[in-house]
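Engineer: Could you have a look at this structure, given as structure tokens, before my questions?
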Ligand code: F6P
């Protein structure tokens, strides 16, 4: 339970009172009171539409939220990020992933140093390498064409390219792409099983080049290549992406196969950097640049549109409203798009590693709760798994539906799939909002021929409270440009919420303790030091594991 002695500001108190009132009023009543509610509470940027009308939120509530955004200096904070100020205060770093998708003439700089030229130079080097792999002019050690690439990375050095490669599979015309992240040897072993090392390229992706999972997996892959093809072959089967160029060189990967990025790119914001190399190899430079262009388009919208019409701002305000004003501890992201299957996992890192903080920029416990638990799965699969709880469970979970109007599979034979997908997505948000009253449930049962006694007994189980909030994000089709725009929308939404919480979204000290303890526990697990100084649970588990292993 989060406690803080910092008093709530009058605006936050007012918004919490409003949040409760809106919950009591209910979404159905809000629709009844305002027949034009969709027009008033849906917002557009080109074909991208954000519908907030199915949230328990009135137009006046939204105005109060916008006032809060102004009050917490959102615009100035946003401008500071775009200006390259060190807004990641605990690490003294700028936050400039926006520069990675800019054009050189956009003039991004940090610490008085223009960075567009360096960014373009890395992109050009990536493109030369990616196109060389794709056209076969850069081959494996025996001269055979590369058919498979294996990205070895974890967290931000894995989730972005893995998620994006699936998302853009209609454009995937390069080598097959595989992703190994887990320290569990099963991940590497199962991946290698299907591959011919002679035609495989490993990409070791790590911002720090120290992450134990990545370095262990890279070492295993290196040994496999050396054993099969000889030590001299290793260079032709590896390349690296990192900010730690000295460590890459020490690993033995050549400078011409090393693609750098910068400490002002957070791991979970790095898909736009050289970390995107597997994606570029998969879809080619042109499509990759379209992906960057989509993100740039969202950056410019975020920077230039008024707060009242600014999609990331509005999405962030709705998120804050659900979390702080209405006390919903989680939110579900449900893409009605199978190719966005890994988006929820990607957003878990983006959102929870950014906004899972308990102290503010001043080092004091935040006056309010902060980031929600983010989770999800694609629709329609989720409908047949956990939607029961969304409709009838005791917790309210705001749902974010993501939908493309058009599919790549648009031939006559496949049209029915997209029609059904859309119908299901709309039906779910409608059902969450409308629900079904006890009388309606009873009436349906009677109509179906059940006795009055049965109808009475069963109706409560078939009642849906309704008034459950959802947001719908609609765009035309999942192409590289729109996909880049969508990911950037979510990045900026996380930024907006962080400003409202008053936290630094760009450090992640919370992952350190587990790493330190794992380092200390390794010799214990290996039997090289004893577990007696550990708590009794850890010591007991070590003993039980060792009994099972011997
Ligand atoms: O442990 C968390 C983390 O630092 C993430 O923030 C990061 O994306 C991931 O590990 C991988 O880090 P690296 O790219 O340095 O290997």
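Each residue's number is its place along the chain shown, starting with 1.
Just so you know, glycine gets a Cβ as well, placed from its N, Cα and C.
Straight from TrEMBL, here's the annotation block:
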{"type": "ACT_SITE", "residues": "353", "note": "active site, proton donor"}
{"type": "ACT_SITE", "residues": "384", "note": "active site"}
{"type": "ACT_SITE", "residues": "515", "note": "active site"}
Engineer: When a 10 Å sphere is centred on the Cβ of residue 353 (active site, proton donor), how many other Cβ atoms does it contain?
Structural biologist: 22
Engineer: Taking the Cβ of residue 384 (active site) as the reference point, list residues of the same chain whose Cβ is under 8 angstroms away and which are at least six residues distant in sequence.
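Structural biologist: The answer is none.
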Engineer: Taking only the Cα atoms, work out how far the residue listed as 'active site, proton donor' lies from residue 515 (active site), in Å, as a whole number.
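Structural biologist: Here the two Cα atoms lie 15 Å apart.
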Engineer: 10 Å Cβ neighbour count around residue 515 (active site)?
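Structural biologist: Step by step: centre on the Cβ of residue 515 (active site), count other Cβ atoms within 10 Å, giving 10.
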